[in-house]
Amino acid sequence: MPYFPDIERIRYEGPASDSPLAFRHYDADKIILGKPMREHLRMAACYWHTFVWPGSDVFGAGTFKRPWQHAGDPMELAIGKAQAAFEFFSKLGIDYYCFHDTDVAPEGNSLKEYRNHFAQMIDHLERHQEESGIKLLWGTANCFSNPRFAAGAASNPDPEVFACAAAQVFSAMNATQRLKGANYVLWGGREGYETLLNTDLKREREQLGRFMRMVVEHKYKIGFKGDLLIEPKPQEPTKHQYDYDSATVFGFLQQFGLEKEIKVNIEANHATLAGHSFHHEVATAVSLGIFGSIDANRGDPQNGWDTDQFPNSVEEMTLVTYEILKAGGFGNGGFNFDSKVRRQSLDETDLFHGHVGAMDVLALSLERAAAMVQNDQLQRLKDQRYAGWQQPFGQSVLAGDFNLQSLAEHAFANELNPQAVSGRQEMLENVVNRFIYR
């Protein structure tokens with residue numbers, strides 16, 4: 001049976017359209033900088049917020065009455081949920097989706113039940129993918145919701161919990177491989193601490209390092225060609241999480257020799273919780289060579305928690321997309337909408353409104369960012385700002401031709417007295433705004 005009988009396939013109608021369910025800017029096959037818009041953006045809808053979350057929060061029960069969420073046999077409901085999901089993906093016209101293992105299959109009462117349920121649902125997902133042409137951007141394992149993970153998964157003080165996490169990640173990686181997923185994500189939802197009074201930081205870090213090495217080894221064992229991605233987040237649900245931000249993740253990867261093996265999946269709302277801009281986190285990951293993929297959403301500036309709202313700022317997303325284009329675009333990654341409608345958005349149609357608006361925001365941001373790249377006044381001004389480092393003296397310093405003493409003697413001997421030069425921040429902000437608000 002159809003779950004969205006009143007919704008037709010969403011189509012591009014152009015900026016002048018008054019239809020609430022039409023794309024004004026997302027023209028999937030429009031060529032931007034030599035390739036279609038859909039290939040630049042690689043947009044995905046997430047399973048968990050869209051089809052699993054019941055509209056609950058810490059103060060109240062779920063407000064949604066989705067037809068795929070009513071009481072019944074767990075496996076039958078999972079099968080129906082998959083049908084609803086792929087009907088939604090197809091009508092939305094989105095090319096990818098993402099899931100946690102327990103989003104798509106009931107966990108059951110034992111690891112054996114979990115394995116059997118998950119295996120059955122992978123059969124269904126594979127069939128849906130073949131019939132629809134929709135692809136898996138990434139899969140992952142939910143190693144944070146089950147009470148056994150209250151003190152973490154890989155960082156847990158109990159090695160048997162560590163082993164249970166390994167069982168889920170093993171299963172989810174194999175499923176991602178079978179479904180031809182482009183990436184595998186590792187989000188350490190409870191890899192952190194509530195208090196240092198009962199926490200051995202060194203031990204937990206070593207446990208995490210060992211777990212990640214096992215994941216990398218398994219990637220090669222099964223021949224997975226996609227990227228492994230850690231998703232940084234500073235806190236929530238724990239007080240402090242070990243994958244705080246992109247720079248912290250890079251330091252962790254370097255410690256365990258994994259900086260060439262694992263990249264990051266950056267979420268906008270996680271960046272702001274860490275006290276950074278989304279732009280900062282993407283630029284940092286690019287500069288460190290670990291940029292992988294994006295969870296596109298936004299937080300509320302007045303709230304200090306993860307609100308996971310749909311992205312709606314062309315200004316913010318243009319700067320982020322500019323950084324991605326300058327870095328050569330996505331490899332295996334893409335823009336996954338880790339976003340959810342509000343608890344009062346009760347109609348199934350609201351799911352479409354949220355995604356359509358967000359897809360248009362990314363499309364318009366891509367066009368604005370592409371224009372910035374083609375003009376690239378920002379890059380020319382950066383080149384001027386750092387021009388001294390391209391001169392013989394600057395090159396000699398970077399090449400190690402000076403030590404601290406000889407460089408100091410050079411400064412004294414030549415009576416160096418360089419003058420500060422304007423950073424032109426206001427002018428640069430005006431340049432960006434001319435592209436965004438043209």
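Please read every residue number as a count from 1 along the shown chain.
Just so it is clear, glycine is given a Cβ too, placed from its N, Cα and C backbone atoms.
When Swiss-Prot records E231, E267, D295 as binding Mg(2+) 1, the matching candidate from D200, D245, D338 it lists for that site is D338. Listed in chain order, the residues near the Mg(2+) 2 site other than E267, H270, D306, D308 are K233, A268, N269, L273, D295, N297, G299, T307, D338, each with its Cβ within 8 Å of the site Cβ centroid.
With the fewest other Cβ atoms inside 10 Å of its Cβ, the least crowded of the recorded positions H100, H270 in this structure is H100.
Annotated Mg(2+) 1 site E231, E267, D295, D338; additional same-chain residues within 8 Å of its Cβ mean position, judged by their own Cβ, are W187, N265, I266, A268, N269, H270, I294, N297, N336. Cα proximity to H270 (Mg(2+) 2 binding site) (within 10 Å) is found for the following recorded positions from H100, E231, D338: E231. Cα distances from D103 (active site) to the binding-site residues D306, D308, D338 are smallest for D338.
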